[in-house]
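As annotated by TrEMBL, domain 'ABC transmembrane type-1' applies to A:71-291. The feature transmembrane segment is assigned by TrEMBL to A:12-33, A:74-100, A:112-134, A:165-189, A:223-244, A:270-292.
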Amino acid sequence: MAKQRGAVVVDRGFLPFLVPGLLLFAVVIALPLTMNIGLSFTTWTGVGTPSWVGLDNYTRLVSDAAFWASFRNILAMIVAMAIVPTVLGLFLASLLFDYVGKKLGDRPASGLRAAFYLPQVLPVAVAGVVWGWILHPTYGALNLSLRTLGLDTLTRNWLGDHSTALLSVMAVMIWFQVGYPVVIFMAGLQRVDPQLYEAAELDGANWAQRFRHITVHMIRPEIFVVLLTTTIAALKVFGPIYVLTRGGPGNATNVPSYFAYQNFFERAQVGYGAAIATVLTLIVVVFSALFLGAQSRDELREAS
Amino acid sequence: MATTTPLRPPADRVTPPVERLPRTRASLGPWVVLALLVVVALLTLAPFLLVTMNAIKTPAEYSTNGPLALPEGLYLQGLIDFWHRVDFGQKLINSALISGTVAVGAVVLSLCNAFVIGIGRVRGRLAFLVLFLLANMLPHEALAYPLYYLARAVGIYDTRFAVIVIFTVIQSAFGTYLLSSVLAKFPTEILEAARVDGATKWQLLWRVIVPVSRPTLSVLFVFFFIWTWNEFFLPLIFLISNANQTVPVALGVLQGQRLMDATMSSASGLLGVLPAIVFFLLFQRTLTRGITAGAVK
């Protein structure tokens, strides 16, 4: 046994177990992804043979106002799905952990955490169905309630109006997302040494100071992960847009994934849709790589 | 009700039990904070309460008393009508069948992959991990049209089978990534003991690794089930016929068509929300453990 010197014995007995995984991976992910990239250089209606057009789809993208609108909206989605929930989640988790939990016990803290988390278990399309009803201009719960309260001037076509559509969708997404950072951050805080907080308290640090100097600092890995996963979710958002607005009015709430869907399945412009999907994929991959790189640099800095 | 969750909502909406406490700032503080948090929590729960209250009202009640009034009685006809109209029972069966099969399949597939990468420590395991991680992050739009085309070509378009295969692979990408790092830390004494006993790879996997990692596997199972249940984009594309649609697709398509009225909308909302609440109550612990397990190694 060559183990003593730590030499690695190449053991081929494992490899058969990788065969089904790799085969299925090739058919369901690698092949379609390659085909999609290939199709992005063609024009194709979905029937007949695709014809090669080189970079035409990409040059068309650059001058397409709808494409730029969809990318502006994705920035709004990043704000609503990643940035605002992370900030809110930091406050809520810190209040629950460092304040409510310590002064009033675990039960109220975990009960509140469950309440914040509940929207997260919904299928996002169902969340859209619920909010679609609440925000409906004629029979929706929000407008009817405003009328009952005598606030008729505040009623509007929340999802159909150019000035409020994007903001309404953003509000729905904030509601949907907030519980995720709360749960992750609270779990992260559990591994922080309680003595840190005690020492800070003895030194006279108030909650705000402890929040800034201990909480935010200690759960930086969790903040990284939450920002990464929620931003990727925002880049890919589709269900709520399909259910709430179908990208409208005009392109006011259109996003790249819905824009690609429209080109694939409504306009039969498969090549163009594939180009949009390819650009979106590139953004997701580059973004993830940058983020993970920054994270590991951060970890190295912490360790040294 | 507001559509946003304000950071500091007005404190007067929930009255903290002030009188019974000594009037020092130190002991008042937690109750004020708690009251604020309760307001935020109520705002978060408001849509759930609204949808439940209004799904059991008669249409007349809804239009005269408004959405905020408590229901006068229990009116289930709206829910029953909606159930029959969309054949909701069938949608539940489809969702359960697809999600259940995917969860089992993806756990098995992840386990096999992670066995090779985490325990077998094959050459190039880092490359495999990056590959699976990327596959997990990929937008489904980049796979959608080719998958749609291929499924049509082999005649499995608009079948639950096609959706099951696709999501088994997609979920197992994440499962492989997570499970590989878990198995890489598998106690070497146990592996060594199994090797000395002359266990085959098959025995090592099923008799040693599966029993020991059962907690992680069950977390993955729950997660795959719920993630698949919640999926919308690919099922929307693949499940065209009514008989094959899942719960979110059926409700989402109806909502998009805007053929509904108030009663039907709230009924569809409630029926979509209920299974999620059931999962939440059943799996709350697993869910919390699971999302944190995936987050930080």
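Heads up, the Cβ atoms here are built off N, Cα and C, so glycines get one too.
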Beyond the flanks of the transmembrane segment (A:12-33) by at least 6 residues, Cβ under 8 Å: 281
Sequence-remote partners of the transmembrane segment (A:165-189) [C-beta within less than 8 Å, at least six residues beyond its ends]: 73, 76-77, 79-82, 84-86, 88-90, 92-94, 96-98, 109, 113, 116-120, 122, 124, 127-128, 131, 135, 158-159, 215, 218-219, 221-223, 225-226, 230, 233-234, 237, 240-241, 244-245, 248-249, 252-253
Residue numbers, six or more beyond the limits of the transmembrane segment (A:112-134), whose CB comes under 8 Å of its CB atoms: 92, 96, 100, 140-142, 159, 172, 175-180, 182-183, 186, 239-240, 242-244
